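The structure follows.
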Amino acid sequence: MELSFDENDFLSCCGSTQFAKLMASFSPFSSHHHAVSIARDIWFNNVHVNAWLQAFSAHPSIGQTRSPSHASQTSAQWSKGEQSTALATATGSSLQELAEWNARYMQKFGFVFLICASGRSTDEILAELKRRYTNRPIVEFEIAAEEQMKITELRLAKLFSSRENISSTTDKCSTIVAKKAEDRISIIGGHVNAASENLSGKSTQNPSRTRPPITTHVLDVSRGCPASGIEVLLEVWKGNKARPTFGAADSGSWVVQGSSTTNLDGRSGQLLNIVDDVNPGIYRISFNTGKYNPSGFFPYVSIVFEILESQKKEHFHVPLLFSPFSFSTYRGS
């Protein structure tokens with residue numbers, strides 16, 4: 001499925017109008033991988049130096065929450081999210097020191113200090129700023145362009161993800177097919193079967209499943225790519241009580257249903273047998289994020305959800321959007 005975007009969409013990903021126009025001229029794109037490939041070629045080979053400077057100027061200084069007035073609203077929102085870890089780990093003194101070094105950097109190089117800040121603490125960013133301050137201007141200019149491309153790739157992933165999610169909810173009769181391995185980011189919205197499997201009037205003739213009833217997919221948003229090699233564990237509640245109680249010691253009441261490790265596309269293997277009816281109950285899916293990123297904040301992440309009797313023929317997809325210092329998820333159909 002090809003997705004179309006306009007100049008404003010790409011301007012939110014990169015603040016260069018020349019870049020945005022050229023990207024729009026190549027739209028639609030068959031995948032996020034396709035868009036990134038075109039974006040890198042445009043950014044490094046087909047825009048002039050002023051386009052780089054214009055893109056740099058659309059970013060707020062690290063530690064500031066207010067974006068420049070010419071930045072788009074979407075870009076401003078994404079900037080806040082990308083700096084969320086830095087702001088959460090900042091102190092009054094570290095923000096003051098960061099502001100001082102930002103000013104020194106601007107005075108020396110003539111443009112804002114640019115770094116892909118997603119998942120980075122204030123101390124990490126400040127240390128990198130001080131290290132890069134010693135660079136020659138021509139060297140630093142190229143490094144800033146590389147960092148801008150990292151940010152652009154991350155935002156292209158968000159752009160594709162949001163568009164696919166909208167498409168999947170507005171067209172319930174279409175099927176989003178799992179794409180090839182290189183189509184890595186746009187498969188966040190994958191694993192979504194056509195709603196025709198559950199059309200009214202056909203509920204007594206449910207087709208046999210072609211995949212397990214519970215699946216997952218992990219995206220490392222700090223790198224903008226699938227997270228491979230994460231251990232996944234699926235359990236079901238079998239305690240004396242009907243359901244687990246928040247804060248109670250219930251470790252012995254969870255029964256393992258299956259385990260796997262995410263592949264190169266961030267997808268889990270088979271966590272359950274392929275059966276037409278999944279057993280109703282309360283399930284817990286856990287991700288060994290600590291082993292994947294030992295320096296991250298989360299030793300592991302667990303998500304608990306319930307499958308009702310009326311939902312036993314449905315498919316449950318539990319994607320995890322993960323970075324070393326944050327995570328989010330949503331229920332996929």
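Keep in mind that glycine also has a Cβ here, set from the backbone N, Cα and C atoms.
According to TrEMBL, the protein carries these features:
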DOMAIN    10-157  domain 'Oxo-4-hydroxy-4-carboxy-5-ureidoimidazoline decarboxylase'
DOMAIN    214-332  domain 'Transthyretin/hydroxyisourate hydrolase'
BINDING   His217, Arg267, Tyr330  substrate binding site
Here are some binding-site residues: His217, Arg267. Which one has the most Cβ atoms within 10 Å of its Cβ?
His217
DSSP-wise, what's the residue breakdown of the domain 'Transthyretin/hydroxyisourate hydrolase' (214-332) into helix, strand and coil?
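Counting residues by DSSP class gives 10 helix, 52 strand, 57 coil.
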Counting each residue once, how many in the domain 'Oxo-4-hydroxy-4-carboxy-5-ureidoimidazoline decarboxylase' (10-157) are helix, strand and coil under DSSP?
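Split by secondary structure, the domain 'Oxo-4-hydroxy-4-carboxy-5-ureidoimidazoline decarboxylase' (10-157) comes out as 103 helix, 1 strand, 44 coil.
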What mean pLDDT does the predicted model reach across the domain 'Oxo-4-hydroxy-4-carboxy-5-ureidoimidazoline decarboxylase' (10-157)?
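In the predicted model, the domain 'Oxo-4-hydroxy-4-carboxy-5-ureidoimidazoline decarboxylase' (10-157) has a mean pLDDT of 88.
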